[in-house]
Amino acid sequence: MVGAGSWGTTFAKVLADGGAEVTLWARRPEVAHEIREAHRNSDYLPGVNLPPLVTATSDLGAALADAEQVFVSIPSQSLRENLEAMRPLLPSAVPVVSLMKGVEKSTGLRMSEVLEIGLGLDADRVAVASGPNLALEIAKEQPTAAVVSSSSLETAEAVAMVARNRYFRSFVNTDVIGTEFGGVLKNLVAVAIGIVDGVGYGENTKASIITRGLVEMTDFAVAYGAHPETLSGLAGLGDLIATCGSPLSRNNTAGRLLGQGYGYADVVAQMHQTAEGLASLAPVLALAAEKNVDMPICRQVEQVLAGTLDPKDIAPHLTTDDSEPVGERTTDARQTQGRSRLRRTIERALDQLRHGGRSAGGDR
Ligand SMILES: NC(=O)c1ccc[n+]([C@@H]2O[C@H](COP(=O)([O-])OP(=O)(O)OC[C@H]3O[C@@H](n4cnc5c(N)ncnc54)[C@H](O)[C@@H]3O)[C@@H](O)[C@H]2O)c1
Ligand SMILES: O=P(O)(O)OC[C@H](O)CO
């Protein structure tokens, strides 16, 4: 396991409680020492005892030697800089699994893509695991589930066989794009939820943002080739519910601080753990623009982060509507807009007939 933060350590426990021997690589030797000697990682998982099958080292080569599967759980924006060191140490033919939920700011790439490029791997060797997985709940052995996804079903199944135990169930799919983007995008909606929570708005506002947020997530992921049903599954809706509903979520917490009036720099300074949504927002919006996907909630989060939108005004797209009414689903909206366009075309044709080609309404 590369990365001994809250999720890497928790996932190591998940694997060990399923019977696997796990070596964690911790960047800081003192963290590795505590895990090895005291079976604790008190910085990240206070009060949690790690099973004897988990050990740790700050020597990357020792952590990777003889590994049968490699899991990676470091902040998304730091992944690339670690791959050069990992590449020559990686045992051949083993699957590499991303546990991360971000996109690379400089390239807009998903973490599985960064792993493939940085480690020179075929896509079939790479998997991602994602779902409603708040680390501290799982570290306390509260039951949950996740999806392991790979373009190779064989790889996904091999990983899922290991990543399971009495409190953790792994499903499989081959929709890597949908599974990965689900984890990225729910973070952005969770920041929005935190903001309205910080402002003091109640459950109607939050339910509206969660529901409309799921539409944004689905439209975006489908535009990039995901299956829509993946976004209704554990890695989409499931994770959205968990992250938006829990004060344990760092993205939700960051949003709440913004909603309470703290500026972006103060929030970043107060966060001691990774809130991926803050760094993923800009690349996600750039990717959305490339595919003409409208993401009003994410755009407003960006404006709050930039200090150009008062947090209490975060939901105008829900409360003001100066356009024609549209359906809830984008496809419905397109149909409605299509009907409107057709109606306008017919009206123009009738108008031309009535006025001999001279419009009565304007200069076009
Ligand atoms: N914590 C959760 O509940 C949870 C659940 C699912 C997925 N994730 C995802 O897992 C990933 C890791 O998150 P986390 O919660 O473990 O974060 P964290 O902040 O708890 O820990 C991050 C770890 O990465 C290390 N690190 C920081 N900068 C580094 C660098 N430049 N090079 C190498 N290591 C570095 C830190 O020392 C730490 O061990 C994120 O993408 C997150 O979205 C987290
Ligand atoms: O603490 P967050 O906001 O990074 O969320 C953690 C997990 O992704 C929840 O599934």
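Placement of Cβ uses the backbone N, Cα and C atoms for every residue, glycine included.
Annotated NAD(+)-binding residues in TrEMBL are GLY3, ALA4, GLY5, SER6, TRP7, GLY8, ARG250, and among ALA127, ALA129, ALA135 the one listed with them is ALA135.
Summary of the site annotation: TrEMBL records substrate binding at ARG250, ASN251. Screening the candidates LYS13, LYS101 against this entry identifies LYS101 as the one listed for that site. Between the candidates TYR44, TYR224, TYR262, TrEMBL assigns the NADPH site shared with SER6, TRP7, ARG27, ARG28, LYS101, ALA135, ARG250, GLU276 to TYR44.
Among the binding-site residues GLY3, ARG27, ARG250, GLU276, the residues whose Cβ lies under 6 Å from any atom of ligand 1 are, in sequence order, GLY3, ARG27, GLU276. Cβ contacts within 10 Å of ALA4 (NAD(+) binding site), excluding its own Cβ and spanning all protein chains shown: 29. Considering only the recorded positions ARG27, LYS186, ARG250, the Cβ with the fewest other Cβ atoms within 10 Å is that of ARG27. Note: ASP239 (sn-glycerol 3-phosphate binding site) has non-local neighbours SER130, GLY131, PRO132, ASN133, GLY182, GLY183, LYS186, i.e. same-chain residues 6+ apart with C-beta under 8 A of its own C-beta. Here the CA atom of LYS101 (sn-glycerol 3-phosphate binding site) lies 20 Å from the CA atom of ARG27 (NADPH binding site).
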